[in-house]
Amino acid sequence: MGGCAGSRGHLSDSDSEETASEPQAPLLGSQGAHWKNAVGFWFLGLCNNFSYVVMLSAAHDILSHKKEAGNHTHVDPGPIPIPHNGSSRFDCNSVSTAAVLLADILPTLLIKFLAPLGLHLLPYSPRVLVSGICSAGSFVLVAFSHSVWVSLCGVVLASISSGLGEVTFLSLTAFYSRAVISWWSSGTGGAGLLGALSYLGLTQAGLSPQHTLLSMLGIPILLLASYFLLLTAPEHDPRREEEADTAAQQPLIGVDAPACKPNFGWNLSLQERWTVFKGLLSYIIPLVLVYFAEYFINQGLFELLFFQNTSLSHPQQYRWYQMLYQAGVFVSRSSLRCCHIRLTWILALLQTSDKHREFAMAAACISDTLGISLSGALAIPVHNFLCRLP
């Protein structure tokens, strides 16, 4: 297996010479290849964010830590619960669900910070394999964990999988038609809806959280299948004529081909990077604020919204909150396929130069992760303050 888009094996020297000298049929020009790539990126977006979403949906269960052992239910008491007045409307876990949020986002933040420095040196296939393995490991570790802290380690694996996959697959879109970006975006929105809905539905149907997580091990397999089997050979980026010419003179060896390695701005000086980054701050700061507010509510306050006069338990109510929130995310992220901006010259005024664009994309994607991380850090003391109110 290999290929930054699922090409099979390596080509011989004679094959590569023939490839370089003869015109090739435009794979991505055909309707079949177009839809294979579109569906492939949709599934990559879905599978990449799935474990991240499920861990957020399971946050309340992870912290209350109810486990099944045979026909008996084992409850890990964990830390001593925070005392609160019996007349209070709050039903607090000893640890805020923001702790799960931080475990689910900080490794992603670290990966995004380090990616522009050298991730381009690692070929795509190993990155995808690591992402898939970490995703599967997260489900298994959380499912079989007997303590909150081991469960949080499983959440960290889900974050590594999601963060590494996001940087990898977004870079990969540079070698395909622009349409795949909207399909990827819709897939990530689908991950939110299907991840939250599947966790809610299976647990609501009577399946334990442990068995629910184990039933999701097919998602990492689907991730690998989408990458290695669905995607066709990538296009060369027309903005990099030198790289394309060099690649045409060398054997096509799938993911290791030079044209399949994004620059991540490695050829820019530190001064140039800082200049580009400062120019992006007017766009980064609003995004940070939006994601901060969004996740402060989602993981900082949702768990405290508990209505006692209903047939739903507190964990069930939390799962419904997550599902409804993710439904909105799905609609939002799928809107790119429905709402088209015709006055594209306006967007051109906002762009950076071709030389800086790839680095700018890598730097700007830090916005959501930074905002989410800050919300998790603040949500923990706010949770503790509210739960100690008389």
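Each residue, glycine too, has its Cβ placed from N, Cα and C.
Given the structure is predicted, the values throughout are model-derived calculations rather than measurements.
According to TrEMBL, the feature region 'Disordered' maps to 1-27.
Long-range Cβ contacts of the transmembrane segment (39-59) within its own chain (Cβ-Cβ under 8 Å, at least 6 residues beyond either end) map to 5-6, 97, 100-101, 103-104, 108, 131, 135, 138-139, 142, 154-155, 158-159, 161-162, 165-166, 169, 173, 176, 180-181, 183-192, 194-196, 198-200, 209, 213, 216, 219-220, 222-223, 226-227, 230-231, 298-299, 303, 318-319, 322-323, 326. What TrEMBL records for 39-59 (among others) is transmembrane segment.
Sequence annotations record features per position, and here TrEMBL assigns transmembrane segment to 98-122 (among others). Beyond its flanks by at least six residues, the transmembrane segment (98-122) meets 52, 55-56, 58-59, 62-63, 152-153, 155-156, 158-160, 162-164, 166-167, 171, 261-266, 273, 295, 299-300, 359, 362-363, 365-366, 369-370, 372-373, 375-377, 379-380, 383 of its own chain at Cβ-Cβ distances under 8 Å.
For the transmembrane segment (128-145), same-chain residues at least 6 beyond its ends with a Cβ under 8 Å from one of its own Cβ atoms are 47-48, 50-51, 54-55, 58, 62, 65, 151, 153-158, 160-162, 164-165, 168, 209-211, 213-214, 216-217, 219-221, 223-224, 227-228. Look at TrEMBL and you will find 128-145 (among others) tagged as transmembrane segment.
Feature annotation from TrEMBL assigns transmembrane segment to 152-175 (among others).
Taken from TrEMBL, the feature transmembrane segment covers 181-202 (among others).
Annotated transmembrane segment per TrEMBL: 214-233 (among others), in sequence order.
Here TrEMBL flags 280-297 (among others) as transmembrane segment.
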